[in-house]
């Protein structure tokens with residue numbers, strides 16, 4: 001530990017200066033660095049014959065950054081930056097794989113496929129290789145579109161044709177030098193190498209680049225730039241000389257092999273066969289220092305270097321900054337899933353997950369990371385893609401109007417449009433056919449199933465009328481008034497069958513996010529009843545207007561069906577609070593409608609209705 005004592009263990013039994021939120025930095029080497037020479041196994045080593053199999057395992061280190069009360073630890077972004085610094089000192093691999101704690105490697109060849117992109121010709125301009133997220137433990141019908149197949153199999157594939165897909169927070173292979181905030185190679189015509197990152201020879205890792213050719217390869221800029229960069233690096237990366245010395249080595253090792261005249265900025269063959277230095281006490285002590293609370297003070301970590309702070313969706317912002325500097329990314333879809341993880345499958349957790357994403361998008365829209373302020377290095381279509389990331393929660397306003405229009409039509413007795421002429425029907429037919437063709441194109445091109453596409457459409461409306469609307473409200477209150485609000489959970493209702501694999505699907509916890517969709521359902525149901533009764537008891541029934549309004553109301557209710565089914569829980573065990581809110585909303589709507597549009601043919605006399 002940072003104080004030189006042995007790690008006492010977990011925080012199950014907290015003590016002074018050693019609890020979950022108050023402890024020194026911890027580093028434990030679980031597996032030492034492998035030997036330089038291959039180590040072959042034998043038939044007696046295990047359950048299988050390991051003869052002629054290299055059984056060396058890579059360096060494995062447990063890292064827990066220092067945490068103290070009063071310090072802002074920046075959550076996941078801060079943890080990732082601490083890991084980047086510690087790994088730079090202890091192993092300094094030129095590529096970094098980022099996985100969430102609930103994801104695991106499902107395809108042992110996935111890393112090789114990602115490295116093929118990184119080490120290919122022109123691969124030194126790739127900042128990361130993003131793999132699709134695949135989930136398990138989701139109910140077969142995927143009620144709440146947890147698989148996100150339209151996003152991962154349509155949107156991300158389409159972005160692969162631009163500057164590359166956005167970074168989604170997990171399942172991503174990074175180029176270390178891109179995380180350090182440097183520009184890509186050949187970003188300027190007068191620079192032949194990796195711009196300011198190639199400033200000299202490493203002292204601690206000088207054995208990795210010891211030949212004159214390799215040293216010249218590390219010195220791409222002129223002498224003035226070299227001196228300027230050396231003077232600014234401590235202010236940018238901190239005062240760790242070990243960390244600063246590791247930067248040019250990581251850049252050099254990450255270059256593609258110069259085995260073809262078309263390869264620019266390549267490294268010579270056999271340049272990575274130099275034995276690695278063993279870990280010593282000074283290296284571990286330096287790694288401990290860079291994961292301390294104070295190390296990032298007065299540096300650019302979290303501002304320009306590493307994962308970016310200040311946003312709930314630090315992943316999207318981090319990827320945006322890289323693309324904004326001119327880097328490209330690649331979407332790698334393997335035949336066998338590269339990584340798999342778990343996803344929240346009950347309604348409440350899913351809504352709060354979508355709320356977190358939407359809140360981050362609203363923050364991006366009102367920040368300097370808005371795609372409207374992107375640099376000229378970002379292509380126009382890529383700007384539009386990132387702009388969509390920031391503005392999609394605002395579509396909730398139009399979705400709310402879309403969901404209430406059919407009910408308004410039924411309440412008022414007027415159709416959505418006054419007259420149904422040929423021109424209007426022609427436009428409506430063209431728009432409808434175009435949307436259907438686009439949907440078919442997406443399904444055929446990406447290979448997703450029609451049911452998956454429909455689930456995505458359903459949950460887009462559910463999330464748009466609940467979580468997206470709440471995110472817009474949160475963002476506007478925070479930007480305009482500086483007020484921060486949160487949507488908390490209250491009651492919980494779960495099934496008794498603990499042996500059910502999908503028991504979590506039926507858990508119902510009340511959240512205020514459910515109020516708008518419940519209101520929409522109640523309004524449309526009451527409107528259908530009002531419209532039907534008016535048509536039946538009218539002198540001249542207008543069945544065409546009724547059928548038009550009822551059709552669109554049922555279309556809205558069809559999208560909200562998974563939401564209604566989620567509220568019912570297992571065997572209809574819906575929490576009482578849901579019935580309370582539904583009843584209050586229904587009574588309020590009925591009273592408002594009677595007050596606004598009282599029954600025709602009545603006169604109000606002395607507080608009572610008198611019929612002629």
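Every residue gets a Cβ built from N, Cα and C, even glycine.
Remember, it's a predicted structure, so these values are computed and weren't measured experimentally.
Between the listed ranges 361-384, 385-408, 457-480, TrEMBL ties the annotation transmembrane segment to 385-408. Between the listed ranges 332-353, 420-441, TrEMBL ties the annotation transmembrane segment to 420-441. Of all the binding-site residues given, namely 75, 76, the one with the smallest number of surrounding CB atoms inside 10 A is 75. Counting every protein chain shown, the number of other Cβ atoms lying within 10 Å of the Cβ of residue 100 (Mn(2+) binding site) is 14.
With Cβ pairs under 8 Å as the measure, the transmembrane segment (546-564) is packed most heavily against 518-540, out of 385-408, 420-441, 518-540.
Taking the C-alpha positions, the distance from residue 100 (Mn(2+) binding site) to residue 75 (UDP-alpha-D-glucose binding site) comes to 13 Å.
Panel annotation: around the transmembrane segment (420-441), residues 453 of the same chain, lying at least six beyond its termini, place a Cβ under 8 Å from a Cβ of the stretch.
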